[in-house]
Amino acid sequence: MKHIRNFSIIAHIDHGKSTLSDRLIQVCGGLTDREMAEQVLDSMDLERERGITIKAQSVTLDYTAKNGETYQLNFIDTPGHVDFSYEVSRSLAACEGALLVVDAGQGVEAQTLANCYTALEMDLEVVPVLNKIDLPQAEPERVAAEIEDIVGIEATDAVRCSAKTGVGIGEVLETIVAQIPSPEGDPEAPLQALIIDSWFDSYLGVVSLVRIKNGVLKKGDKFKVMSTGQAYNADRVGIFTPKMKDQAELKTGQVGYVIAGIKEIHGAPVGDTLTLAKHGADKPLPGFKKAKPQVYAGVFTISTDDYESFRDALNKLSLNDASLQFEPETSSALGFGFRIGYLGLLHMEIIQERLEREYDLDLITTAPTVEYEVLLTNGETLYVDNPSDLPATNYIEEMREPIVQANILVPKEYLGNVITLCIEKRGVQKNMVYHGNQVALTYDIPAAEVVMDFFDRLKSTSRGYASLEYNFIRFEPADMVRLDVLINGDRVDALAMIIHRSNIRHKGIALVDKMKELIPRQMFDIAIQAAVGNQVVARSTVKALRKDVTAKCYGGDVSRKKKLLQKQKEGKKRMKQLGNVEVPQEAFLAVLKLNE
């Protein structure tokens with residue numbers, strides 16, 4: 001056991017952790033050179049295309065150190081994007097240490113900081129590594145000082161390496177062996193294994209990635225899941241070398257997989273504890289807190305026949321992504337669908353893209369909203385995440401919106417732009433600290449403003465240098481109202497949104513103008529109105545197409561022309577009473593892109 005090292009790599013997006021993991025695998029001979037693909041661990045197509053890591057993956061490598069001993073390194077790759085910090089906390093729960101990888105050209109960024117604090121809170125040993133020292137703009141001394149200044153861990157003798165060229169990889173491995181503690185646990189105690197991740201394989205059923213904390217799990221053992229009490233047989237246990245490799249048993253401190261032919265999807269929830277069915281442990285391991293969705297959106301299939309397959313797809317996906325939550329929803333405009341809770345907008349895009357890609361569905365998403373706390377006049381408290389569930393104004397005592405604490409790191413030359421952006425988003429400045437060239441800002445910002453497009457705007461006002469990390473702190477009373485869109489006097493529920501009263505006119509006008517461009521002209525006038533309660537705040541009209549009925553009259557009497565025009569007018573009026581307007585797909589998407 002003292003030769004096992006469990007660690008993960010924490011880094012900001014694009015600081016090179018996937019490349020570094022490739023090198024570690026290569027040096028330890030996990031794969032032959034022929035099988036070595038770039039970013040081995042980013043196995044999803046989507047991950048490769050966007051160049052980001054979404055799912056945590058694990059690998060077990062054997063490394064022969066300079067002192068002649070052979071160590072087993074279990075290493076878990078983690079995502080770096082702010083939306084996936086939950087995946088990171090799960091990976092860290094299974095480790096004793098973490099490599100903090102920092103790009104020697106870029107320096108420390110907010111996300112690195114957030115994940116690093118998570119690691120330090122869990123009492124992990126954090127080992128700084130300066131990556132990309134082959135770049136001409138690398139300044140290892142400055143960055144090492146920055147790590148000490150901002151993060152507060154010893155970094156003067158941090159390992160310097162370049163994952164791309166392979167320089168310094170040996171030192172990284174030596175440092176892991178020297179600095180990261182070996183796992184603690186009792187091989188004789190009853191089995192306790194933490195489920196770090198689980199996914200569905202259509203051939204094997206549910207595959208669970210586990211970390212053995214105490215005891216031993218042998219192939220063929222009967223084990224039970226502690227939260228559900230269900231028992232299964234361990235058909236196969238083994239490790240990833242990135243390929244699956246069966247073993248006779250998983251010992252204390254190891255990280256590996258268990259396949260037990262679990263068919264139903266929620267059979268092995270992530271964060272749960274496995275123990276033996278006979279002589280099991282009394283209490284489960286402290287898991288990690290459930291991730292709470294920050295953003296909600298209705299998702300509907302374009303053709304109603306896909307509803308069943310959409311539901312199955314969501315079930316399979318939610319197995320793989322523990323933070324996904326959903327419930328059925330119906331809309332008069334879009335039919336049947338689901339209300340899905342996401343961690344953030346990137347998460348939302350990725351889930352939608354995975355559904356469309358891996359399950360071949362055509363989907364349409366309504367505008368994302370956050371969860372509001374509503375105090376009713378009779379003293380009840382409701383939580384509303386769907387604008388159409390909001391009670392009428394006269395029943396509402398007060399609306400409270402979620403406030404998040406946003407920590408922003410930005411180079412000082414872009415400070416002005418970022419502060420302007422935060423004020424525009426109704427933010428309140430709480431703190432501002434200078435660290436060398438960087439400024440750390442802390443703002444309280446309404447969650448609704450952050451989830452829409454704050455991240456993209458922040459990146460664009462600071463040329464990509466600012467970085468953001470946020471977490472929910474409290475609900476705060478706010479003057480929020482529901483903006484409805486009426487088309488020919490009919491409410492379209494899927495277009496409603498909850499916004500702040502100060503934005504009504506601005507948003508309302510922008511919305512109706514956008515809809516006017518997108519709704520095709522009919523044979524009659526279409527009135528598009530934006531209203532709050534019964535008060536219309538903006539309107540525009542899609543003019544009717546008309547036939548020139550007087551074209552065949554030449555000269556002649558004016559009353560003849562009047563008669564024809566009058567007849568046309570009556571026809572249009574009758575059509576307008578009967579006609580209903582199709583709202584095209586683009587119109588729903590336009591609501592999402594209003595701010596641009």
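Keep in mind that glycine also has a Cβ here, set from the backbone N, Cα and C atoms.
What Swiss-Prot annotates here:
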type	residues	note
DOMAIN	2-184	domain 'tr-type G'
BINDING	Asp14, His15, Gly16, Lys17, Ser18, Thr19, Asn131, Lys132, Ile133, Asp134	GTP binding site
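Secondary structure from DSSP puts Asn131 (GTP binding site) in a beta strand.
In sequence order, Ala104, Pro140, Arg160, Cys161, Ser162, Val167, Gly168 are the residues of the chain that are 6 or more apart from Ile133 (GTP binding site) and have a CB within less than 8 Å of its CB.
Predicted-model confidence for the domain 'tr-type G' (2-184) is 71, expressed as mean pLDDT. Cβ neighbours within 10 Å of Asn131 (GTP binding site), excluding its own Cβ and spanning all shown chains: 31.
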